[in-house]
Structures are given as structure tokens and as C-alpha cells.
Amino acid sequence: MCCVCGEQSPDLKNGLQKQSRSARRSASKKWRYQMNSFHYFVIFASGSLFSGLMFGLLNYAPKYVLLPTRSAPHHLPDGKFLQISDEARVMEPYFPAVRMAGRLGDGNNGSGKIRTEPHDTNEQEALSSLKVAIEMKTMGKDDKAARLFQHALALSPKHPEILTKYGEFLEHNQQDVVRADHYYYQALTVNPSHSEALANRQRTAQIVEHLDQKRFERLDQKRDALSSVSDTNMALKRAEKEAYIQHIYHSVGIEGNTMSLAQTRSILETRMAVDGKSIDEHNEILGLDAAMKYINATLVNKNDFITLKDILEIHRRVLGHVDPIEGGEFRRSQVYVGGHVPPGPGDLSILMNHFESWLNSKQAFLFHPVKYAAMAHYKLVHIHPFSDGNGRTSRLLMNTLLMRAGYPPVIIQKQHRHKYYDYLQVANEGDIRPFVRFIADCTERTLDLYLWATSELSHPVPLLAQETMPDGVPLINSFEKESTIEGSGAGEAIRIGTI
């Protein structure tokens with residue numbers, strides 16, 4: 001600064017300006033640093049808050065809101081399905097018959113009856129037919145009434161009123177209390193509060209149970225009579241051999257095998273191929289033969305429970321010649337059997353373990369042997385654990401259980417395959433009793449054949465396509481007459497001693 005005039009020197013002025021600019025730059029840097037720190041803090045805090053919110057939502061909010069889940073259809077049965085204490089009710093929620101109930105109306109109207117207002121042409125026609133059927137019944141025209149009831153039922157098979165009225169007609173006009181009870185049961189499956197069906201079922205249930213018990217007692221008497229025949233009886237040995245061949249013939253025939261009885265016998269006795277028949281049809285016969293020999297050699301006299309391993313060994317032999325890779329193995333894909341959708345492959349292991357537990361439970365052992373074997377057959381074929389051979393394996397398991405109880409292996413005729421499948425479907429709809437009765441009828445038919453063949457006259461073993469013995473005596477009266485007989489050589493009697 002100049003001492004005389006007081007002005008700053010140029011050098012000093014320039015120095016002060018530089019210091020001022022430096023101070024401003026420092027202040028600016030400090031401000032930017034502070035702002036950057038604040039921004040970083042805000043970003044960090046926001047990220048932390050967002051992470052905390054997401055963590056809370058994922059752990060406490062309903063997961064079906066945030067994450068789409070993949071689940072199997074609810075038509076699959078669970079373990080409870082295999083724990084049946086009352087064989088008449090097979091866990092209805094797993095069967096299509098119960099799910100169809102909602103199609104009959106909108107729900108219960110508070111009066112104890114499901115609304116059944118006609119909502120399509122079929123139901124309108126069914127109810128009209130029902131009305132006329134009741135009029136014909138009142139007038140004593142039972143033949144016309146029966147046809148009209150059946151027509152109404154065909155149009156609307158799950159209508160509780162039609163089921164109940166048809167059951168009443170069967171019970172009172174045709175004295176068929178067993179079938180009547182079945183229709184009352186079906187009506188209650190659709191509408192558990194149907195008052196008429198409830199009253200009717202309370203009346204018929206004990207009667208039907210008594211009739212079923214008498215049937216089982218009759219089977220035991222015939223089994224005991226057959227057991228009294230000496231094992232060295234030559235007629236018995238020949239009958240067993242012939243029944244063995246017929247069992248294989250009918251069992252593969254149920255599945256569609258076109259071999260005749262004579263051709264089946266030729267394959268089993270000579271192991272030679274039959275002209276004009278596929279390799280698979282030959283191998284189906286050989287596989288069933290191998291499985292039956294395994295059962296006779298190991299399982300019939302086994303002093304232990306039947307295990308899952310035993311069932312797999314049976315199946316391994318059933319498919320041993322047809323598909324050895326799949327034999328004894330659970331299927332690895334979903335299958336569809338008519339209207340029935342079996343469990344998915346991922347559920348088979350646990351379901352089969354549950355089945356094994358039921359098979360060897362005290363509860364199952366309390367059933368009559370025929371009922372026990374029939375229920376085991378149904379349960380296994382319903383699970384459908386294999387890609388092929390489920391029916392043959394189920395029938396073989398059934399016969400294993402029967403033979404362990406002193407019964408001969410039961411033959412289900414190929415001529416009755418439609419009844420066989422129909423009764424399985426009825427069981428799918430919730431009532432297994434008709435299927436058990438069907439197996440009981442087949443058991444009695446087989447026992448009658450053995451007793452006839454081992455009588456003092458040493459009769460021939462009739463073909464199971466016949467409904468009567470060679471002298472006209474009926475085998476049993478449980479089946480309707482068949483108008484046609486399948487298979488070559490039908491109507492002839494197989495003479496004991498010719499094989």
C-alpha cells in the first residue's frame with residue numbers, strides 16, 4: 001500500500017484476489033462434498049428401507065400374493081383314501097360322482113332338499129319320464145314303469161330324486177333290496193340330506209349287510225368242502241391244471257388278448273408260437289404264467305406279510321416278456337384311464353407305502369377274506385402305479401390273498417369284462433360294495449367248478465363261458481344269462497384227463 005495516497009500496490013491487490021478465489025474454490029468443494037455425502041446417505045437409507053420392506057413382505061405377507069405356486073390338481077387322493085373303515089364309502093371327495101353334485105342345482109335351499117330346477121333338455125325329459133314312470137307304477141304296469149325309470153336314470157344319472165324313486169320301485173315292486181340300497185346310497189352321495197333316501201337307507205342297510213354276510217358264510221362252507229378233498233385226489237389235480245389255464249386265458253382276455261382257450265393251452269404246454277397272433281399276445285400269456293408260478297412258489301405259503309417288494313416282483317414277471325424295462329418299476333408319466341385320472345408319478349411312492357400299510361393292518365384283516373382281497377384289488381388298480389399291467393397285477397394280488405385264505409384262484413370271465421369295469425367305475429363313484437359282490441360271485445362260480453369236477457362222478461370242468469353245468473344245473477344265479485359266448489370251442493366241456 002502506498003504511504004502517501006493510501007492505495008494498494010498492484011502486487012498486493014493481485015495477491016488478495018488470488019486468496020479470495022482460492023477461498024471460494026475451497027468453500028465450493030466443501031459444499032459439494034457435503035452434498036455428495038447427503039446424497040449417498042439418502043440413497044443408502046432408501047435402499048435399506050426398501051430391502052427391509054421386501055424382507056417383511058416375503059416373510060409375513062401371504063405368499064400366493066407375491067409368488068405364483070404350481071400345485072397338482074385336487075383330484076389326487078391322499079393317504080386317508082387308503083384307510084377305509086367302512087368299505088361302502090370310499091372317500092367321496094376323490095371321485096367325480098361327488099364333484100358332479102354341484103351341477104344338479106345351486107345349493108341347499110334350507111328345506112333339506114337340493115334344488116333341482118331343470119336347466120337343460122336332458123333333465124327336463126328325465127323328470128317327465130320319472131313322472132310317467134310313477135304313474136305306470138301306481139297303475140300296476142311294472143314293465144313300462146321299469147323302462148321309464150331306466151330312461152330317466154340314463155338321462156340324469158346323478159339326480160337324487162330319480163335315484164330314490166327308482167330304488168323304491170326296485171325294492172317294493174321287484175324285491176331287489178340290494179340294488180335299491182345302492183341307489184339310495186348314490187342319492188345320499190349327491191344330497192346327504194335327502195329325507196326319503198335317508199329313511200329308505202336306514203331300512204335297507206341292515207338287510208343288505210345281513211345278505212352280504214350270508215353270502216360270505218356260503219362261500220366259507222364251499223371253501224371248507226373243497227378243502228376236505230385230499231391233495232392226492234387226481235380229479236382235483238386235473239381240475240387245478242385246467243383252472244390254471246382258464247385263469248390265464250380269461251385274465252389276458254379281459255385286457256383285449258385275442259388268443260382262444262385252445263391257443264392259450266398250446267402256448268403254455270408246448271411253448272410254441274401260434275400262427276397269426278402278435279408277439280405281444282404270446283408274451284402276455286407267458287408273463288402271466290411266470291407271475292402265477294412265482295406266487296405259487298413263494299407267496300402262497302409265505303409266513304409273513306405281503307410287501308411292496310412282493311407286488312413289484314409280481315409285476316416284474318407280468319411284463320417280463322412284454323416290456324422288461326418297465327417291469328417292476330413305477331410309471332414315470334401321468335396316465336388317464338377313461339374318466340379316472342390316477343395319481344401323478346410323484347405321488348406313487350408314498351401312496352404305495354400307504355397301501356402296503358393298509359394291506360397288513362389289523363383293520364384290513366378284520367374283513368372277510370373275499371372282501372379283503374376285492375378291496376386290495378380295487379385300491380391297487382385305482383392307484384394305477386404301473387405304465388402297463390395294472391389290471392393283471394391287481395387280479396394276481398387278489399388271488400394271492402385268496403389262496404393264502406384257502407380259496408382257489410378266482411377266475412373273472414372275459415365275457416363279464418364290461419360288468420367288471422362297470423363295477424370298478426361304481427367304486428370310483430364312492431360305493432365299493434357292488435364290486436365286492438361281483439368278486440364274491442366270481443369266487444362262488446370258481447368254487448362250484450372245483451366241487452363239480454371233484455365230485456364222485458369225476459365230471460368235466462366246464463368252460464367258464466357257460467352258465468350251467470353240462471347236465472343243466474346252474475352254476476350260480478348271480479349273473480344274467482349271456483346270449484353269446486366268446487372264444488373258440490365255446491359250449492364244449494373240457495374233459496378232465498385230456499390235458
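Note that Cβ sites are derived from N, Cα and C of the backbone, with glycine treated the same way.
Under the heading ATP binding site, Swiss-Prot lists Glu255, 337-340, 388-395, 420-421, Asn428, citing similarity to another entry as support. There are 14 other CB atoms within 10 A of the CB of Tyr421 (ATP binding site), with all protein chains counted.
For 160-194, the entry in Swiss-Prot reads repeat 'TPR 2'. The DSSP breakdown of the repeat 'TPR 2' (160-194), given as helix, strand and coil counts, is 28 helix, 0 strand, 7 coil.
The feature motif 'Inhibitory (S/T)XXXE(G/N) motif' is assigned by Swiss-Prot to 251-256. Counting residues 6+ beyond its ends, the motif 'Inhibitory (S/T)XXXE(G/N) motif' (251-256) has Cβ neighbours under 8 Å at 264, 281, 284-285, 288, 391-392, 395, 411-412, 414, 417, 420, 486-487 in the same chain.
For Glu255, the entry in Swiss-Prot reads site 'Important for autoinhibition of adenylyltransferase activity'. Residue environment of Glu255 (ATP binding site) contains 16 other Cβ atoms, counted within 10 Å of its Cβ in all protein chains.
Mapped onto three states, the DSSP output places His340 (ATP binding site) in strand. Between the listed binding-site residues, namely Gly338, Gly389, Gly391, the fewest other CB atoms within 10 angstroms of a CB are found at Gly338.
Counting residues per DSSP class in helix, strand and coil order gives 4 helix, 0 strand, 2 coil for the motif 'Inhibitory (S/T)XXXE(G/N) motif' (251-256). The DSSP secondary structure for Gly389 (ATP binding site) is coil. Under a cutoff of 8 A between CB atoms, and with a sequence separation of 6+ in the same chain, the neighbours of Arg395 (ATP binding site) are Ser251, His377, Ile412.
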